[in-house]
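Pulled from TrEMBL:
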- 6-26: transmembrane segment (TRANSMEM)
- 38-60: transmembrane segment (TRANSMEM)
- 80-99: transmembrane segment (TRANSMEM)
- 173-192: transmembrane segment (TRANSMEM)
- 198-219: transmembrane segment (TRANSMEM)
- 231-252: transmembrane segment (TRANSMEM)
- 264-283: transmembrane segment (TRANSMEM)
- 295-315: transmembrane segment (TRANSMEM)
Amino acid sequence: MIRWVAKTIAAIAGFMITIAFTFLPFKLKNIFIRKGTTGKAVLSCLSCFSGGVFFGTFILHMLPEVNLILDEALLRPRHITYPVAETIIALGFFLVLYTEKIAIMLHYKKSFHKIEKCDTDKQTNDKIMNSNVESKSVDKAQFALLNGSLQPENGSETNINIQLDEPHEMRSVLLMVALSLHRIFEGLSIGLKSTVFGVWSLFLAVMCHEIVIAFSLGMHLANVKTKRTKLIVAVIFCCLVGPLGVVIGTLITELGTLSNTVNIINGVLQGIATGTFIYVTFFEILNEELEKSVSIINMICLFVGFATMAALGFIPENSIEESIINNSTSII
């Protein structure tokens, strides 16, 4: 088989597999919900399992990768002893933290002005009603309903719900961005392979991890309250970046343009993505699951998710990072 043909098939197969396992939880959720209490308990266990998977992905997969990439491409050649990888990861964490808080603050400010305007309009409507109606015992809630204006009580509750849902939606987007950055470099490593055997061996190793991660991502997204169309578009984009990385790696292999600078950029971007992953994992996924329930079964499922990623760590990936680094030196 020709090398570029193998890489093309791997890219298409990778997209189909990841998108199938990401959408699978959406179907399972509908099935389990129809089963009542038992189904909801199973869904809760699966959500805890996905939380453990994301924790394991960060601590066992992404963090060591960033350390290795920057150590080989930046620290060792320049004899740097400063913890650059950890610093970049921390900066990625704070970048996401401040970005989210500023966005939420702006959203609250916008919502507050809307509520203030509605209150002003209601006061004007009350004055008009009081001047035209002899009876002053008209209930304000009934008038607001008949008048078609926003109800102050129910409207406020709706606004609060929107504000509470906003961080969850934003964190889900950040999670997919972090995974996308990670996946594009995994795809890049496959595209950089110089033999057909190397392509398929690395592809199988990557897919073993990606199947579990894709399913866990789907479990998380299935619980996010947003438009289904938005989720579908986001999932398709997130699943496409892996094949895009394969295409980029293939072009680099054929044209011979990979340099050490690319490795440093790779390390920095994956470091920022890892910082994003830390924030979303602890503030969104694990925090949400631990607040929902403290049952022993859920805690066991959480550990099983982590243990699954730990077990998958024994599957040799032929070192994705070393693949990129070695190809950069061999091409040059």
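Keep in mind that glycine also has a Cβ here, set from the backbone N, Cα and C atoms.
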- Two-stretch contact, the transmembrane segment (38-60) and the transmembrane segment (231-252), at least three Cβ pairs under 8 Å: no
- Message: Cβ under 8 Å, sequence separation of at least 6 from the ends of the transmembrane segment (6-26): give me the contacting residues as numbers and ranges.
- Response: 46, 183, 187, 190-191, 193, 196, 199-200, 203, 206-207, 210-211, 214-215, 217-219, 221-222, 235-236, 238-240, 242-243, 246-247, 249-250
- Could you check if the transmembrane segment (198-219) is in contact with the transmembrane segment (295-315), meaning 3+ Cβ pairs under 8 Å among residue pairs at least 6 apart in sequence? yes
- Beyond a gap of at least 6 residues from its ends, the CB atoms lying under 8 Å from the transmembrane segment (173-192) belong to 7, 10-11, 14, 18, 62, 96, 100, 199, 202-203, 206, 210, 213, 217, 220, 234-235, 237-238, 241-253, 258, 266, 269-270, 272-274, 276-277, 279-280, 284-285, 320-321, 323-324, 327
- Is the transmembrane segment (295-315) packed against any residues at least 6 beyond its ends, judged by a Cβ distance under 8 Å, and which are they? 41, 44-46, 48-57, 60-61, 205, 208-209, 212, 216, 286, 289
